[in-house]
Amino acid sequence: MAKVADQPGNVVWGTPLSASGKRMLLLGSGELGREVALEAIRLGIEVIAVDAYANAPAMQVAHRAHVLSMLDGQSLKQVVEQERPDLIVPEVEALATETLIELETEGWRVIPTALATRLTMDREGIRRLAAEELGLPTSPYRFAATETEYRDAIATIGLPCVVKPVMSSSGKGQSLVKTAADVDAAWTYAFEAGRGKDQRVIVEGFVDFDTEITLLTVRSHPQIAGATPTTHFCPPIGHRQEAGDYRESWQPCGLSVETLAQCQQIAKAITDALGGVGLFGVELFIAGDPTQEQTVYFSEVSPRPHDTGMVTMVSQNMSEFELHVRAIAGLPIGEIEQIRPGASAVILASVASNGPTFTGIAEALTVPSSKLRLFGKPRAYPNRRMGVALALGDTVEQARDRAQDCAARVKMH
Ligand SMILES: Nc1ncnc2c1ncn2[C@@H]1O[C@H](COP(=O)(O)OP(=O)(O)OP(=O)(O)O)[C@@H](O)[C@H]1O
Ligand SMILES: NCC(=O)N[C@@H]1O[C@H](COP(=O)([O-])[O-])[C@@H](O)[C@H]1O
Ligand SMILES: [Mg+2]
């Protein structure tokens, strides 16, 4: 039998590793999960980390860990029944989401909701919700399961377009198709990187955007008598991506009042539709001259902290991880304050290595206002994100220069 969820005015938890402990089961134990785990532990929550491989980043700081395939419903159910968590907190998209729906029906609490995890696991679910049910502006798109459907989709959408497996993240399996010569390779790559033969692809019209941002949006229902559910926004985060994966991010990203209002409207609509509590990373493309009326396109949303939001570890009074933990634990959010302009720059592996070593850390930290986060991933392979450099500056430009300088000084062997 599941535990009863907290009632308003009744946030109760006890001591980790005792019968009274409030337990969080983290499904996914990467770099983002590690920060969620640390914030939860600071608030006296017991954390159990799960992932498909041993010694994943969050496992190194959690109270306990389990290694299992999170795409296997049976294994997921088993670990939930064994650990009896108060909160099931997805950290990756690739989960047995049908099992999460069953578990929720039995009374277990899935963050933000089991349906949100199902819709966002699959690009088709979230895209149809955003564009067809909510009427939000998106790139034009088609889905395809066979090569014939794929060619039809390309013909309808036109070139250039972006091809992605419906289930993937961090740009895996994603291609920009510029000319007819790129069409075959994009299909093959999407299938290689996707999961299994049931894979489908999305073909999206290429949006020639000016800026892309992540709008971190928090839905909170503080468990205090009389408190009302609220939506909070962090200042927008600008970012630069290569091959579908983020390379650097900065906060704030300067937007006109009108454009920011459009962004917030879209973020509110999609997060209200997904429901539940927690922090969401709403990805938006902004097109057009910043001095004129701009068009904002919804791209996708993570129902959890976002990689580009790692900058908030230095740039805000509360990081995206602390905000997530507060929201899901039923605690108030208070005022989100930007401290100074900040930036992040990723540290990627250049070679494959088991138990990689790092040099240049001392030199990196001579960069003013910089900090480093090395994730402790046990294995490296080319382009795997192994760490991130963070920096503050008087301006966003200065913070970006510093973060990149700091990241570039770290060498992995
Ligand atoms: N339709 C598009 N038009 C222009 N650029 C695009 C389009 N789709 C994706 N991109 C670019 O590729 C990046 C990654 O795309 P997307 O967010 O869909 O991939 P992802 O694999 O879900 O990545 P993540 O998991 O890191 O969010 C975007 O941030 C954007 O820079
Ligand atoms: N864009 C999604 C994202 O940033 N997810 C983050 O990367 C980890 C997987 O890293 P890995 O592929 O190196 O194991 C995930 O666990 C999560 O922390
Ligand atoms: Mg994305």
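Cβ from N, Cα, C; glycine included.
Of the listed candidates (Arg123, Arg128, Arg151, Arg247), TrEMBL assigns Arg123 to the same ATP site as Lys164, Ser169, Ser170, Gly171, Lys172, Gly173, Gln174, Glu204, Gly205, Phe206, Val207, Glu212. Binding of N(1)-(5-phospho-beta-D-ribosyl)glycinamide is attributed by TrEMBL to Glu31, Leu32, Asp307, Lys377, Arg384, Arg385, and the same site annotation extends, among Glu91, Glu93, Glu248, to Glu91.
Across the fold, the C-alpha of Glu283 (Mg(2+) binding site) and the C-alpha of Glu212 (ATP binding site) stand 7 Å from each other. The shortest Cα-Cα distance from Arg384 (N(1)-(5-phospho-beta-D-ribosyl)glycinamide binding site) to any of the binding-site residues (Arg123, Gly171, Glu204, Phe206) is found for Gly171.
Comparing CA positions across the binding-site residues Arg123, Gly171, Gly173, Glu212, the one lying closest to Lys377 (N(1)-(5-phospho-beta-D-ribosyl)glycinamide binding site) turns out to be Gly171.
On the 0 to 100 pLDDT scale, the domain 'ATP-grasp' (128-329) averages 95 in this prediction. With the fewest other C-beta atoms within 10 Å around its C-beta, Glu300 stands out among the binding-site residues Glu91, Glu300. Among the binding-site residues Leu32, Glu283, Glu300, Arg385, the residues whose Cβ sits under 6 Å from any atom of ligand 3 are Glu283, Glu300.
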